[in-house]
Amino acid sequence: MEKSKLHYSWFIFAGCCVMSFVGLGLILNTQGLFFTPVGNDLGFTRTQIALMLTIQNITQMITMPFAGKMFPKYNAKFLLTGSFIVFAGAIIACSTFNNLYMFYAAGIVMGAVQPFCVSLVLPIFLGNWFEKKLGFALGIAAAVSGLGGTIFNPIVSNIIVNYGWRNAYIFIGVVALVLVLPFTLFVMVFKPSDKGLYAYGIDASQVKSEDQVEQSGFTAKEAYRTLAFYLFCISAIVLQMVAGLVQHISAHVVNLGYPLTVGATVISGIMLGAATGKFIIGFLLDKWSSKLVTCIYATLGFIGWLGLNLALNQQLMVVSGFVIGLAQALVLVALPFYIKRVFGTKEYSAIFSTVSLLAALASAASVYIGGAFFDATKSYRIPLSLNSAYFVVALITIIIATSSKKKSQSKILNEQVG
């Protein structure tokens, strides 16, 4: 096989970066900005409008396993393009809604296709295409979602304030389609063997075939019998409980007496921190021990949420938001990296989608629970405190789960060299 000057994996990397920038940074990371204006305009409570995201995440949970199984079987370009058109189209449709149940219907539609065009794209595609520098690729691709949030949160907030929330929904959907479709149509390929290539970092002289590399590691059934799998599930659940509450931060800031633009600034701080944290963790994962990296990022998460809970002014809230953003890399970059390293490539998409299913349920519950706590207590203090505790749980479970990595890597290497 001839070596090209630029491995095609880097084109996949570019496509994943754009999809992360738009799917996460523009669409998902701005949804919390609509809670207050939509609720005030149409007469909904915060819990009622937040339930749209809960429904979206529950639906995503249902379709997640199917997405993990369908990507290896069907044309990736068709799945990515079709699902993203539906995803962005549902956002545009929200601009016309007046009835609460129409928002819930949009949540169902978005949740049904979200695993295909957002949630599983980075970990599965990059996991397939990178053997070496996987941490770097995951870190950078995930980081641009934070960059997208940093850029688009103030823009969307200003559109809401000056032109109304309906025009903001249209802006999000149209921009998303223009940026993403060229990559889903012309760039994205599911796995290296579809183009007669090996994953980046695989030495062709050491293996017999592309299929042999892609079939190394654990089957899903084998993974389900390991302690590491269930510990990864627990860590994913608690970290997504944390992530779900981010949608309420803007509302938390407004509840403290600040304008929506200040809430958007705190969210931008989180997005900037997320971009920074994911960028850095990508390098650290390729060079440092998993225990050290996990300890650093779990500590940041604990401190960040505690700081936001106790902050007395806008400046401290923005700083705390930045630290919270740094810690998001633990769930968005480190977990997919650890799962790939522990269980290998063989049925990685199925294994990861199962973990993600439980994580999606946790995220759905978190958004709703956060709104329920506010409606009951008129405060977000309790869920903010819980988020600090969740990072302690994540630290313990991840460290134990990754302790089996060396044994797993030996199994994978033996299967590759056959």
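Even glycines carry a Cβ here, placed using N, Cα and C.
What TrEMBL records for 7-28 (among others) is transmembrane segment.
Feature annotation from TrEMBL assigns domain 'Major facilitator superfamily (MFS) profile' to 9-406.
According to TrEMBL, the transmembrane segment annotation covers 48-66 (among others).
The annotation transmembrane segment is assigned in TrEMBL to 78-98 (among others).
Residues annotated as transmembrane segment in TrEMBL: 104-127 (among others). Counting only same-chain residues 6+ beyond the ends of the transmembrane segment (104-127), those with a CB under 8 A from a CB of the stretch are 12-13, 15-16, 19-20, 23-24, 27-28, 51-64, 66-68, 70-71, 76, 79-80, 82-84, 86-87, 90-91, 93-94, 97, 134, 137-138, 141-142, 184, 188, 190, 336, 339-340, 345, 348-349, 352-353, 356, 360.
Annotation comment: TrEMBL describes 134-156 (among others) as transmembrane segment.
Same-chain residues lying 6 or more positions outside the transmembrane segment (168-190) and placing a CB less than 8 Å from one of its CB atoms are 8, 11-12, 14-15, 18-19, 21-23, 26-27, 30, 33-34, 71-72, 76-77, 80-81, 84-85, 87-89, 91-92, 94-95, 117, 125, 128, 152, 155-156, 159-160. The transmembrane segment annotation in TrEMBL covers 168-190 (among others).
The annotation transmembrane segment is assigned in TrEMBL to 227-246 (among others).
Per TrEMBL, the feature transmembrane segment maps to 258-285 (among others).
The feature transmembrane segment is assigned by TrEMBL to 292-312 (among others). Sequence-distant neighbours of the transmembrane segment (292-312) (same chain, 6+ residues past either end, Cβ-Cβ under 8 Å): 242, 249, 252, 273, 277, 281, 284-285, 319-327, 329-330, 334, 381, 384-385, 387-388, 390-392, 394-395, 398-399, 402.
Positions annotated as transmembrane segment by TrEMBL: 318-339 (among others).
What TrEMBL lists as transmembrane segment is 351-374 (among others). Tertiary proximity for the transmembrane segment (351-374) is limited to same-chain residues at least six positions away from its ends with a CB under 8 Å from its CB atoms, namely 45-47, 50-51, 53-58, 60-61, 64-65, 67-69, 115, 119-120, 123-124, 127, 218, 220, 223-224, 229, 232-233, 236-245, 247-248, 251, 255, 331, 335-336, 339-340, 343, 380, 382-383.
Here the transmembrane segment (380-401) has Cβ contacts under 8 Å with residues 227-229, 231-232, 234-235, 238-239, 241-242, 245, 248, 251-252, 255, 290-291, 294-295, 298-299, 301-302, 305-306, 308-309, 327, 330-331, 334-335, 338, 342, 366, 369-370, 373-374 of the same chain, all six or more residues outside its ends. Residues annotated as transmembrane segment in TrEMBL: 380-401 (among others).
Here the transmembrane segment (318-339) has long-range neighbours at 122-123, 127, 134-135, 138-139, 142-143, 145-146, 232, 235-236, 239-240, 242-243, 246, 249, 265-278, 280-282, 285, 290, 293-294, 297-298, 300-301, 303-305, 307-308, 311, 348, 351-352, 355, 359, 391, 394, 398, 401-402, 405, meaning same-chain residues at least 6 beyond its ends whose C-beta is under 8 angstroms from one of its own. Counting Cβ pairs closer than 8 Å and at least 6 residues apart in sequence, the transmembrane segment (78-98) and the transmembrane segment (227-246) reach fewer than three and form no contact.
Remote same-chain residues near the transmembrane segment (7-28) are listed as 80, 84, 87-88, 91, 117-118, 121-122, 125-126, 129-130, 137, 140-142, 144-152, 172, 175-176, 179-180, 183-184, 187-189, 192, 195, 197, 199-200, 271 (criterion: CB distance under 8 Å, separation of at least six residues from the stretch ends). For the transmembrane segment (258-285), the neighbouring stretch richest in Cβ pairs under 8 Å, chosen from 48-66, 134-156, 227-246, is 134-156.
For the transmembrane segment (134-156), the residues of the chain that approach it from at least six positions outside its boundaries are 9, 13, 16-18, 20-26, 29-30, 33, 122-123, 126-127, 168, 171-172, 261, 264-265, 267-268, 270-286, 325, 328-329, 332-333, 336-337, 340, judged by C-beta separation under 8 angstroms.
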